[in-house]
């Protein structure tokens, strides 16, 4: 009898070390060991520190997954994009396991895995093509045209900062620890949003640009801090945070609307760390197209999505 698929997914693109195990298209293990506390000390990810953390945590994560090595049929790892040193650690670990277990090795595009994480715990038959793949994370802001599981075309990307990167830098200027996204998200109040609080970024729909908005935020924060009686411990950041988030998310959504008009997709898939943002998730649901959004526990970098996308590719080739 043929051995059932059991795919080990390895994720080391940035600051999270993760192992996922996919058995017969279902997530059997989802282990994430984060080094965020280390990076909070410097206000952001230090590549060398992240790479060393992966070296220390990969075997630990594998052991915590509980996977029986003899049951593994394939080994998938995040091959690109990501921090070079971190990618090297993950690739070396994957190649070593592949050699020791004599199992096939699958290099996986980290961003494609984010997109298709929206299908985890869903019926794969819900996927209608062509679709738009929306990636919003700390390192990337992009829109893909999904023609098949194997054919994704990049149709829009950031020319400077990614949305998640701006969140972290603005949050740091406000005095929040890394990562700042969840704190900013918690401050959002739609009734505080004003149409002219910030100048809105203006770019062609195929390009995102957030460096100008980031500069506006730094200027506004500086002005707030210079006000008489300002106390960073008690200051109410809700209005600032609400307008920042509305501006940056609305800009992304407007580009998505343009992409919908241009390419006429049948549905939307949303993934990436910032896809955990409540306002972004809400805006995607209002785009009048069928949609799938990554479950919250799979929005950050994780090995489960690496293994899951590998599983889709293997089954897609066999069918």
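Sequential numbering from 1, following the chain as shown.
Placed from the backbone N, Cα and C atoms, the Cβ positions cover glycine too.
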Site-mate of 135, 136, 137, 138, 139, 168, 181, 185 for substrate in Swiss-Prot, selected among 57, 277, 302, 311: 277
Set of same-chain residues at least 6 away whose C-beta sits under 8 angstroms from residue 114 (Fe cation binding site): 135, 137, 271, 272, 294, 305
Count of other CB atoms lying within 10 Å of the CB belonging to residue 139 (substrate binding site): 21
Cβ neighbour count within 10 Å of residue 137 (substrate binding site): 25
Alpha-carbon distance [residue 110 (Fe cation binding site); residue 277 (substrate binding site)] in Å: 20
Rounded inter-Cα distance in Å - residue 301 (Fe cation binding site), residue 181 (substrate binding site): 14
Site extent for substrate, whole Å (max Cα pair distance, 135, 136, 137, 138, 139, 168, 181, 185, 277): 18
